[in-house]
Amino acid sequence: MFRTLDDANVQSKRVLVRIDLNVPMANGEVTDLTRIERIVPTIAELSRKGAKVILLAHFGRPKGVASDENSLKHVVKPLSKVLDHSVHFAEDCIGDKAKAAVDALKDGDVLLLENTRFHKGEEKNDPEFVQALAANGDLYVNDAFSAAHRAHASTEGLAHVLPAFAGRAMQAELEALEKGLGNPARPVVAIVGGAKVSTKLDLLSNLIEKVDALVIGGGMANTFLAAKGLDVGKSLCEHELASTAREIMAKAETTKCAIILPVDAVVGWHFAADTPHQTYGVDSVPGDAMILDAGELSTDLIASAIDDAATLVWNGPLGAFELRPFDTATVKVARHVAKRTKEGKLVSVGGGGDTVAALNHAGVVDDFTYISTAGGAFLEWMEGKPLPSVDVLKK
């Protein structure tokens, strides 16, 4: 297990809290507050318990160079609004400016330090930079699971030099992931969709050793269909990965993991919304058409696999969900998962950028057991890779 805020005495302590503020911006305004909302419980609890709360975060990819566009000062207003608490700001995360701002804090105050990536030492996990950050703290709390796969100074380095704890968002994520794949109720079904097999090879290899059934959808399903000798017409397909797809299917047989591929497909002749479309069996896709979604027989097949499951892990859409009506399979299956979850019959964990967008589109994002907003870290966890900044929090 890992250390949480329950294990920490924070009264009058300077607590460095690593958070995720990599929020979408347009014209200097934050356009989506989801990530800010996720960190409220940790900051509010620390402030309530009388800690001096010092927030560390990165924004964008400034590569060690300070700039106005990547400054965290733009986030101060929305952050204090969501927190319902005033937030002080320091124009640097180390050195005199940071020290002066920290020294001025009273118990319960909240201070945001400037972008950690304005210093090259952040991404290099440079020991001198770690010490410069640590100089302003007595304890360290990591609440940024989305950066857990990066061993940077503020995500991993600090945990070696200060007493380290998981924040509430980090804790919720780790507990949900443990239920999803770490120690899940069986049978477990995974849905993996999206465009390309090439970006999900490690994921597929890991999942077939851990799950009882694997649903493959989206563009990547075409590569598997082609590998089985079927003609996928002009569909998005990585023909050069046919032998890899066959290896994955063979490995799944030995690990007793059922692979579920589409049996029918909705095809169109143009990659556009509302283009004329028709449903065909996957063995009779016209040579001049492209597969844009899974058909009704396929979604029924997936729904029945979900009915047999106790746990479901989802990464990636089942079709070109951003183009109607090719969002049908994704929406239908997502709503079925939501229904089973609400009935208490399924633990459902979803994550990854496109997945969150697709589940939002289906209107079910609040009905899953847990939705990870982490992207890369969620994928690496699904791939079974170690997460450096989580490992250092273990008791």
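Residue numbering: from 1, along the chain as shown.
Positions of Cβ are set from backbone N, Cα and C atoms, glycine also.
The following features are taken from Swiss-Prot:
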type	residues	note
BINDING	Asp20, Leu21, Asn22, Arg35, His58, Phe59, Gly60, Arg61, Arg117, Arg150	substrate binding site
BINDING	Lys200, Glu322, Gly352, Gly353, Asp354, Thr355	ATP binding site
Sparsest Cβ environment (other Cβ within 10 Å) among binding-site residues Gly60, Gly352 belongs to Gly60
What is the maximum Cα to Cα distance, in Å and rounded to a whole number, among the residues Asp20, Leu21, Asn22, Arg35, His58, Phe59, Gly60, Arg61, Arg117, Arg150 annotated as binding substrate?
18
I'm trying to understand the geometry here, so how far is the Cα atom of Gly60 (substrate binding site) from the Cα atom of Thr355 (ATP binding site), in Å to the nearest whole number?
22
What whole-number Å value do you get for the CA-CA distance of Gly352 (ATP binding site) and Asn22 (substrate binding site)?
15
How long is the line from the C-alpha of Thr355 (ATP binding site) to the C-alpha of Asn22 (substrate binding site), rounded to the nearest angstrom?
18
Nearest to Asn22 (substrate binding site) by C-alpha distance, among the binding-site residues Lys200, Glu322, Asp354, is Asp354
Cα-Cα separation of Glu322 (ATP binding site) and His58 (substrate binding site), in Å?
30
Rounded distance in angstrom between the Cα atoms of Lys200 (ATP binding site) and Arg117 (substrate binding site)
28
Top Cα neighbour of Asp354 (ATP binding site) in the set of binding-site residues Asp20, His58, Arg117:
Asp20
